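A.B. asks: Below you'll find the structure I mean.
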């Protein structure tokens with residue numbers, strides 16, 4: 001075995017080390033052959049056109065003969081003689097083809113003989129899009145360039161890169177020189193011009209501004225740190241943009257091939273393209289953007305059935321927390337970096353590849369090619385930063401070849417026990433000649449394999465993969481050279497985002513108590529793991545040799561089946577009754593718990609009784625045996641409210657005394673003292689002690705509210721909030737009296753200044769109360785009207801700043817919510833418990849939606865208007881797509897940023913114990929379920945709502961949040 005491996009190594013070296021001249025000759029010969037094939041194809045096409053013309057002429061002659069046959073005999077004889085004399089050259093062809101003309105089909109010429117389908121996979125920013133663009137330029141069927149699109153995109157990349165550097169300098173608490181502050185404002189205003197589809201009016205002046213900002217010592221420090229810190233990294237090739245800024249801003253600028261390849265244009269969908277190499281057609285499908293995660297690879301085989309896989313690995317991203325902390329000399333930057341975890345993209349890519357090797361996509365593919373993307377940055381990094389910081393067992397020092405070999409073995413070790421041909425290639429994807437040299441051999445080998453398997457039909461929507469003309473084909477390629485050693489899996493798999501799990505579990509709760517005030521709210525939860533029922537299976541599906549066993553020593557699990565949510569957040573302006581919407585709207589519930597299953601806990605007492613267990617007809621009667629006779633009489637009456645029964649044992653005792661509310665009152669005085677702190681803090685000074693009471697139909701709620709707010713690591717505090725336990729007592733209301741108590745809570749997270757959020761603090765709820773819809777009792781429409789009116793007021797008074805917002809209106813037992821941007825609200829709902837004596841657990845119910853520019857639905861809305869999402873931001877600048885203010889994005893007919901809110905309406909029950917409103921400074925670091933559990937624990941410890949809010953904000957700060965943090969907690973005490 002060792003001899004064979006040694007021979008394979010030797011043969012591989014001999015194959016991979018030809019002289020440069022011989023390579024050039026081979027390439028020249030290949031080009032000549034390709035040109036000859038193109039000439040032959042053109043000649044065949046011309047012959048085909050001549051055949052078509054001849055067939056048309058023959059058909060015309062037949063029609064003429066038919067017309068002549070109906071004329072007089074004398075005239076027909078003359079005409080037939082004339083026709084015979086004038087068409088002697090075509091008479092033979094007409095007579096010979098007359099009988100078979102209708103049965104003979106004209107041959108269709110193809111530009112290819114064989115074909116294949118390739119899926120390009122890899123981790124984030126590994127070079128997948130770069131590879132696909134390079135292959136399109138080298139072998140593409142059509143010209144991939146769109147000059148106007150890429151000119152605008154590259155212009156946006158250049159501006160977005162500088163804006164990102166400026167924002168990161170603020171995050172790191174380092175200030176640019178005073179001379180550049182005015183230039184910063186001019187640069188930050190340019191995305192607005194881009195939104196209006198205009199290039200800069202004074203391009204040379206803008207280029208000079210960009211040059212001065214780029215050469216600032218602070219920006220250079222941020223750029224150098226971004227190369228090793230994933231938290232402040234700028235996607236794409238920032239240095240390339242900066243070096244070419246004067247060319248980009250030239251009015252006569254036309255993008256080059258390298259400009260197009262270097263342009264960063266994140267797509268969250270599968271990117272498809274077709275190439276042809278020596279009459280071998282390849283359909284490429286690249287998974288970029290959000291599709292880079294392994295959880296999104298589950299349905300790829302069912303939908304595309306790729307024959308081969310290209311897995312791209314970026315070698316330059318191997319930095320760890322310790323390396324970042326020790327390599328930077330700026331104490332301010334080091335302090336900031338200690339507050340967040342640095343992603344090691346190389347290890348993440350290794351984990352993703354291990355997950356891939358245990359998936360159906362890998363098992364059904366014919367071969368896999370590992371593409372190690374070096375680029376110039378890797379060779380620069382390996383000289384400065386030892387790979388040992390990432391892999392403790394590495395002993396190769398700063399030698400690039402040893403480092404590449406070591407990393408390659410880390411990946412190929414997962415393939416050693418797999419019955420799968422594979423091969424690794426080291427390529428600089430930015431070097432067109434290097435890409436051509438490597439992929440000439442790759443496509444030559446793939447063409448041979450496709451020819452053996454008989455893949456002649458290209459990919460289309462009906463067959464989903466090239467179809468073999470041979471049928472069942474059991475031939476397999478031999479294993480490619482493999483020198484890797486099996487090592488047990490040492491790296492933990494990527495944990496699924498808890499936030500995504502929370503949203504995906506909304507279908508698990510069938511007892512919907514939340515309704516929505518608009519028929520176009522985000523409600524669809526669409527699975528991406530569906531199969532194509534009409535797809536035609538390729539020959540590889542019938543190959544029994546594809547079954548592979550997972551390595552028993554691996555620590556990774558199989559690729560999980562997940563679902564992704566695609567939602568719509570547009571709202572309608574028409575008024576709808578909540579009673580009509582109750583049947584059409586769904587509740588966004590996070591967690592599993594189904595209230596209708598609560599009576600099932602009665603079954604445990606049956607188990608110790610063996611004679612009664614095998615009797616199925618007696619199952620509905622057991623409730624009468626373990627409980628007194630009075631309880632079965634109460635159950636038929638209270639079947640509509642099962643949530644109230646699983647409460648602690650004290651509740652049935654209290655149910656016998658419904659007319660005695662004096663027992664819970666001793667616990668209320670301390671709660672009133674806690675809320676008094678809040679009433680004196682934010683616009684609730686008018687609220688008295690009785691304002692905490694909130695009555696409902698058949699029940700009463702005692703409210704306890706509080707807030708916690710931190711400036712955090714930002715230079716300014718741009719958050720504001722409102723707590724009004726008694727809304728009607730705090731505002732001037734001229735409408736009909738409201739007999740039911742109403743409370744209002746809100747958080748406004750400003751950006752670009754404090755003007756907008758400060759103005760929203762007294763404005764939104766006043767607009768809400770003074771609207772006609774509020775007087776009529778249509779609170780859903782009142783929220784829409786209030787948000788629109790408040791936005792108009794803000795736009796008139798605030799030029800540059802903006803703000804997100806989340807609001808909650810509690811009317812009796814109904815909770816109305818609205819939000820724009822990434823400020824959110826979560827309701828804590830008690831889960832049904834089979835054991836009444838057991839602890840109460842809560843599930844988070846998400847009552848808001850994140851309107852980010854990176855969201856699929858929001859991105860579609862913006863791009864349909866002609867907008868651009870660069871670096872997951874609106875024109876590279878604004879992170880949210882819905883907000884108050886942000887005047888520059890709302891001017892003109894095309895409003896790229898809007899203030900239409902996402903709304904929910906919830907009928908609260910005794911199972912709902914508290915809700916949390918907060919800005920993204922909390923939710924970016926704390927998951928929904930974590931926040932609910934945190935509040936639950938502190939309530940048990942007897943802490944007030946204010947204390948809990950402050951502790952929760954501090955917890956987010958300790959986790960490394962660099963934003964302002966504002967948290968509101970409202971506790972619902974039911975009587």
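Just so you know, the numbers here start at 1 and follow the chain as drawn.
From the backbone N, Cα and C atoms, a Cβ is placed for every residue, glycine too.
Okay, these came from Swiss-Prot:
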BINDING   122-129, 261-267, 286-290, 373-376  GTP binding site
BINDING   749, 750  Mn(2+) 1 binding site
BINDING   920, 963  Mn(2+) 2 binding site
COILED    21-70  coiled coil
COMPBIAS  460-478  compositional bias 'Low complexity'
COMPBIAS  500-515  compositional bias 'Low complexity'
COMPBIAS  544-587  compositional bias 'Low complexity'
DOMAIN    704-972  domain 'PPM-type phosphatase'
REGION    1-31  region 'Disordered'
REGION    64-99  region 'Disordered'
REGION    117-130  region 'G1 motif'
REGION    259-267  region 'G2 motif'
REGION    282-291  region 'G3 motif'
REGION    369-376  region 'G4 motif'
REGION    427-432  region 'G5 motif'
REGION    455-520  region 'Disordered'
REGION    541-700  region 'Disordered'
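Give me the local environment of each listed feature.
C.D. replies: DSSP gives residue 286 (GTP binding site) a strand state. On its own chain, residue 286 (GTP binding site) has 120, 128, 129, 131, 132, 270, 271, 272, 273 as residues at least 6 apart in sequence with a Cβ closer than 8 Å to its own Cβ.
Neighbour list (residue 750 (Mn(2+) 1 binding site), Cβ cut-off 8 Å, at least 6 residues apart, same chain): 718, 719, 720, 756, 757, 758, 801, 802, 803.
Within the same chain, residues at least 6 positions away in sequence whose Cβ sits under 8 Å from that of residue 920 (Mn(2+) 2 binding site) are 749, 804, 821, 822, 823, 824, 963.
Tertiary proximity for the region 'G1 motif' (117-130) is limited to same-chain residues at least six positions away from its ends with a CB under 8 Å from its CB atoms, namely 235, 261-262, 265, 267, 271, 282-288, 292, 297, 300, 304-314, 317, 345, 348-349, 352, 356, 361, 365, 371, 373, 375, 429-430, 446, 459, 465-466.
Model confidence over the region 'G2 motif' (259-267) is summarised by a mean pLDDT of 82.
Secondary structure by DSSP for the region 'G4 motif' (369-376): 2 helix, 5 strand, 1 coil.
Nonlocal intrachain contacts for the region 'G5 motif' (427-432), taken as residues 6+ away from its ends with a CB within less than 8 angstroms of a stretch CB, comprise 127, 130-131, 134, 137-138, 257-258, 261-262, 312, 371-376, 438.
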A.B. asks: Is it possible to get the count of other C-beta atoms within 10 angstroms of the C-beta of residue 128 (GTP binding site)?
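C.D. replies: For residue 128 (GTP binding site), the 10 Å Cβ neighbour count is 27.
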A.B. asks: Using a Cβ cut-off under 8 Å and a sequence separation of 6 or more, which residues in the same chain sit near residue 265 (GTP binding site)?
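C.D. replies: For residue 265 (GTP binding site), the qualifying residues are 129, 153, 870.
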